Amino acid sequence: MSHPSSANSTNIESLLVENRVFPPSAATVSAARISGMPAYNAMCAHAERDFEGFWADLARANLSWKKPFEQVLDETNPPFYTWFADGELNASFNCLDRHLGTPVENKNAIIFESDDGKVSHITYKALHAKVSQFASALKDMGVQKGDRVVIYMPMTVEGVVAMQACARIGATHSVVFGGFSAKSLQERIKDASAVAVITANYQLRGGKELPLKAIVDEGIALGGCESVKNVIVYQRTPTACNMVAGRDSFMHEVTAKAAPVCEPVFVGAEHPLFVLYTSGSTGTPKGVQHSTAGYLLWAKLTMDWTFDLQPSDVFWCTADIGWITGHTYVAYGPLAAGATQVIFEGIPTYPNAGRFWQMIERHKVSIFYTAPTAIRSLIKAADADAAVHPDRSDLSSLRILGSVGEPINPEAWMWYYKNIGGERCPVVDTFWQTETGGHMITPLPGATALVPGSCTLPLPGIMAAIVDETGHDLPNGAGGLLVIKRPWPSMIRNIWNDPERFKKSYFPEEMGGTIYLAGDGAVRNEDNGYFRITGRIDDVLNVSGHRMGTMEIESALVAHPLVAEAAVVGRPDDLTGEAIVAFVVLKRSRPVGDEGKAIAKELRDWVGKQIGPIAKPKDIRFGDNLPKTRSGKIMRRLLRGVAKGEAITQDTSTLENPAILDQLAENL
Ligand code: 6R9
């Protein structure tokens, strides 16, 4: 295991000198659900004193159970922990039916704004009807409890309907981000043995119509997808798409024919609600498997706690449903909590980079949750063009701001706090992961004093700590590995098809095999114990808040006929957090000049085709070889330095071929 990557060192330095503190106002504290630090401390103390009782009370109060649970946490087979295992419930019932007959039923569940600016509203009652009828249609096709359904959809109401409809009939969905390639889609369909794929003919983004159905066809044609019996197509645009007779159908047609009522299929608490693929440090992406009850409980509770959700709030999380943030804080959390939320189909820069701010004004958004990478690009746009500056929009409806996906640098935090929040709105910097299901370490708006760039303190019941490689606690001020020492309800349950990898990836033997290793480095402040995340400790990059495994990109590169060998590292980037740099050895001689540029472009496009455009290296360097130790190991540490443009000061005497470094430092 290596130490926190040097790629983040500048970030860490600027964080270490951070001493601005922003306590919540007295008014915010008194109006909040978790009101002040004594309230937070009391909840933490309750969890310490009676761990199972703490969670059991919350699960009873926040979820509707068909069959109440008796069992709380079962730790007899670590790390395969179970929660509320003998209880039965349905996730869609908890998000929709639960609100029927209450004042929430006529409230807007979703305010949808399309790429081209059309706005529509859907109440809880209407959403319930839409989900029920589509769920009936899935049942009519033979989709059953426990079947896997892949969803490859744009950001639309129908995307959420598809997820909720699967949950309603007990099918396990696996959403694949619409930017992934045919090959990535095929790998996921295969691994999950999906019986159906739900997609759209096209997606609209930034004024462009992009094919989705054609990519599904291409993916299935790559082979190994014989499990797929049905492809259901949401007709997003009037443009025709290829339809395969006997396999493909239109969402509106199958829905119209189906029964309007669909009784929810009640499932055991541990029934897999979904599998979501994410990048790891080795091999192919892993299918992170989540439970029904524990996951949903945390989605609902973190809406209430972290965002201090009130009945009149308008919540907007800008994440795509293809990522975990779009699962927990678009498809499940807001609905389970009975919130009104905005769903946006498009991109923040279309038709101009003021779109987010204009939408906050238009829909009177009160809680806004986005990623540092979006904030940084919008700062740049606002600096360049006063017409898209947030001061042109009325942002007075906002009361809470959130950040997720990567560390937020203090400069971006301050800009967000001042220019978007008007120095009035707490910024909750939420640290969590696909594997954790929901927030882990985050400020609470009505309790925690904020420090720019720090995710502050764990939520009540989350036993986060910083340890060394053998699992021993480290004192505050010492950087180490972030772990969670006790199970929590929304934790990953397994890696789909690969329990051994699950154990190895997250519950290292050296730490006893029972505590969860997050894969991030962290340090706690000596005075207040606040956590700061210092970045991944494995070969996972974070580009614009998206997780990318270096191995995945390397495998894609070496699959190109020209490439003999490749090594991929991250380099700090002002806009995207990290940028992908690839060092490549070709099977032919090292290309230079225009030829080098042409091959680099070809390789970039190739990676885009193999994985998806988000994985395209920003920079490609060619060498006759890679820097290796005498035993043949690639020296990534050196490559990270070269990628940053640093002079090599480290000892290179163990290198087989030190001269190679000069070659690799050359820009094309
Ligand atoms: C929710 C999500 C998880 C990785 C995680 C860490 C980084 C996420 C962060 C953060 C610092 C934050 N990360 N939130 N780092 N501060 N507030 O992003 O899930 O896509 O699985 O990524 O993202 O490195 O390990 P996922």
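Glycine is no exception: its Cβ is also placed from the backbone N, Cα and C atoms.
Residues GLY405, GLU406, PRO407, ASP429, THR430, PHE431, TRP432, GLN433, THR434, ASP520, ARG536 are given by TrEMBL as ATP binders; from ARG399, ARG547, that same site also lists ARG547. DSSP places the residues of the domain 'Acetyl-coenzyme A synthetase N-terminal' (40-95) in helix, strand and coil in these numbers: 27 helix, 7 strand, 22 coil. Taking Cβ-Cβ distances under 8 Å and a sequence gap of 6 or more within the same chain, LYS208 (CoA binding site) has no neighbours at all. Across the domain 'AMP-binding enzyme C-terminal' (552-633), DSSP classifies residues as 28 helix, 27 strand, 27 coil. Across the binding-site residues listed here (VAL558, VAL563), the residue whose Cβ sits among the most other Cβ atoms within 10 Å is VAL563.
Looking at the residues that bind ATP per the record, GLY405, GLU406, PRO407, ASP429, THR430, PHE431, TRP432, GLN433, THR434, ASP520, ARG536, ARG547, the two CA atoms farthest apart are separated by 18 Å. Close to ligand 1, meaning a Cβ under 6 Å from one of its atoms, is not one of the recorded positions LYS208, VAL558, HIS560, LYS633. With respect to Cβ neighbours within 10 Å, the binding-site residues GLY206, GLY405 differ, and GLY206 shows the lowest count.
Using a 10 Å Cβ-Cβ cutoff, THR430 (ATP binding site) registers 24 neighbours.
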